[in-house]
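Below is one structure, written out as structure tokens; comments come after it.
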Amino acid sequence: MFHHISVMLNETIDYLNVKENGVYIDCTLGGAGHALYLLNQLNDDGRLIAIDQDQTAIDNAKEVLKDHLHKVTFVHSNFRELTQILKDLNIEKVDGIYYDLGVSSPQLDIPERGFSYHHDATLDMRMDQTQELTAYEIVNNWSYEALVKIFYRYGEEKFSKQIARRIEAHREQQPITTTLELVDIIKEGIPAKARRKGGHPAKRVFQALRIAVNDELSAFEDSIEQAIELVKVDGRISVITFHSLEDRLCKQVFQEYEKGPEVPRGLPVIPEAYTPKLKRVNRKPITATEEDLDDNNRARSAKLRVAEILK
């Protein structure tokens, strides 16, 4: 059974200004904590579309949400398919959309999934167990240059080249098959002094591999741009991010749509086409409370950004 503590649960949903008969999308169902909190505020005319690319999460969520199943439509898909999902459901616009971009605790804690650098498992890291690309494929078959690129770009790992060289040397002897085997190789590529600070030495490379396997940043960028077009006027979008790459991307997209296109000089009245599409509800991201941190240490890096649609 999934046991997952949702980060900033109240804030994420409360900032949506939930209407009891509204239609909402949970883009990252996970352990269904946010979904349950939202569903408790909807009447029987309200509806939640719950998306997850992990079928196991959906199966478990059905148990968590068993008292509200008549109000939920479950969709096994990637949230980058948002427009198509709504089209298939004959829904044009919704009242609010929210994202929790953290890996759910069960995915981290079930060793077989291969997300954790604390447990030994095969190198997998797929959110969607039906897709082909795995961490094993990347680690053993991608070029040295490609490894350096993803470790640096997605993990912000300053020892990317050294780690990629060690991986290259090891896989020439035999395939690298398990998470703890990879952890030992990563440690070889990081100077002893640097290993003693900044958290677990494998943290950044594992993050980079997870993002690459699941194409996370590209999928989120595709999805959030669709979300902005799919939410009704006065509706809101809430996004919880867990690392600087996601947060920066979310901030940039919201800023871009808040600014709107550049207005030609000399116009007596600004046409609607040049007015902002949205406004940021909070200029600075909301961070986890002490209470959140007591419940869930993973909340330490969480940031919540909210936007309201204007047209």
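Here the Cβ of each residue, glycine as well, is placed from N, Cα and C on the backbone.
In the three-state DSSP assignment, the secondary structure recorded for ALA32 (S-adenosyl-L-methionine binding site) is coil. A sphere of 10 angstroms centred on the C-beta of ALA32 (S-adenosyl-L-methionine binding site) encloses 28 other C-beta atoms. Taken from Swiss-Prot, the feature S-adenosyl-L-methionine binding site covers ALA32, GLY33, HIS34, ASP52, PHE79, ASP100, GLN107, and the record attributes it to sequence analysis.
When Cβ atoms from all protein chains are considered, those within 10 Å of GLY33 (S-adenosyl-L-methionine binding site) total 21, not counting its own. For the recorded site, ASP100 (S-adenosyl-L-methionine binding site), the DSSP three-state label reads strand. The local packing around ASP52 (S-adenosyl-L-methionine binding site), expressed as other Cβ atoms within 10 Å of its Cβ over all shown chains, amounts to 26.
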